[in-house]
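**Q** Taken from TrEMBL, the feature domain 'Pyridoxamine 5'-phosphate oxidase N-terminal' applies to 18-143. Residues or ranges marked as FMN binding site by TrEMBL: R44, M45, V46, L47, L48, K49, Y59, T60, R65, K66, Q123, S124, W168, R178. TrEMBL lists K49, Y106, R110, S114, R174, L175, H176 with the feature substrate binding site. Annotation comment: TrEMBL describes 155-195 as domain 'Pyridoxine 5'-phosphate oxidase dimerisation C-terminal'.
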Amino acid sequence: MDPTTEDPIALFGTWMSEATASEPNDPNAMCLATSTATGAPSARMVLLKDVDARGFVFYTNLESRKGGELAANPQAALCFHWKTLARSVRVEGQVEAVTAAEADAYYASRARGSRIGAWASRQSRPLESRFALEKRVAEITMTYPIGEIPRPDFWSGFRVVPSRIEFWRDMPFRLHERRVFHRASEGWSIEALYP
Ligand SMILES: Cc1cc2nc3c(=O)[nH]c(=O)nc-3n(C[C@H](O)[C@H](O)[C@H](O)COP(=O)(O)O)c2cc1C
């Protein structure tokens, strides 16, 4: 870890590049933790689709369990773990919606089957049978046989605006290196933690 690095987003970019070169698949996979208004947590994997100084973006069904929890309590935590590098990054912060233009642009970039799948999946709700899902896919495919497919209004993205970013690196004898960036009034403050 470069001890002079003071921009956690730049450092994250470096680690993500290294993970992209070494991970067999989905280096952008991250565990997303949300919680209910009363503080009961839940966690699942999602894919990081954008990151810059504003935060970490993922896309999902707004009517899913996570979507409901984020509507009730717009705070989240993310955890990346790259086994090939023996490194992890943790992110915590408030969550905001991406703009409609951002969501439209990302949705338009997805494979046609994935755009149809976004319409077909009533994510997180009970599924009576696999056939019911396939029937919905067939119906959406007939609705949009060719040309543009509009983005469903229940499908969009969230940005986790980081207030804390931790970089963890494996070291011998479990004396791991932990470097934490806290959002300060200007820029970031940095501290090391015992492993
Ligand atoms: C590697 C991986 C990546 C995933 N990426 C996404 C994603 O980007 N968006 C999403 O909605 N679900 C994604 N999923 C599925 C979620 O883990 C989860 O099953 C789904 O979003 C429903 O979660 P919920 O019921 O807590 O809302 C991914 C699963 C895995 C294993």
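A Cβ is built for glycine as well, from the same backbone N, Cα and C atoms used for every other residue.
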**Q** Please name the residue among the binding-site residues V46, L48 whose C-beta has the most neighbouring C-beta atoms within 10 angstroms.
**A** L48
**Q** From K49, R110, S114, R174, H176, which binding-site residues have a C-beta atom under 6 Å away from some atom of ligand 1?
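**A** So the answer is none.
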**Q** Rounded to the nearest angstrom, how far is the Cα of R110 (substrate binding site) from the Cα of R65 (FMN binding site)?
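**A** Cα to Cα, R65 (FMN binding site) and R110 (substrate binding site) are separated by 23 Å.
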**Q** Widest Cα span across the substrate binders K49, Y106, R110, S114, R174, L175, H176, in Å?
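**A** 43 Å is the greatest Cα spacing among the residues binding substrate.
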**Q** Given the binding-site residues K49, Y106, R110, H176, tell me which ones have a C-alpha lying within 10 Å of the C-alpha of Y59 (FMN binding site).
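**A** Checking Cα-Cα distances against Y59 (FMN binding site), the binding-site residues within 10 Å turn out to be K49, Y106.
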**Q** Name the secondary structure element type, per DSSP in three states, that contains L175 (substrate binding site).
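**A** The three-state answer is coil.
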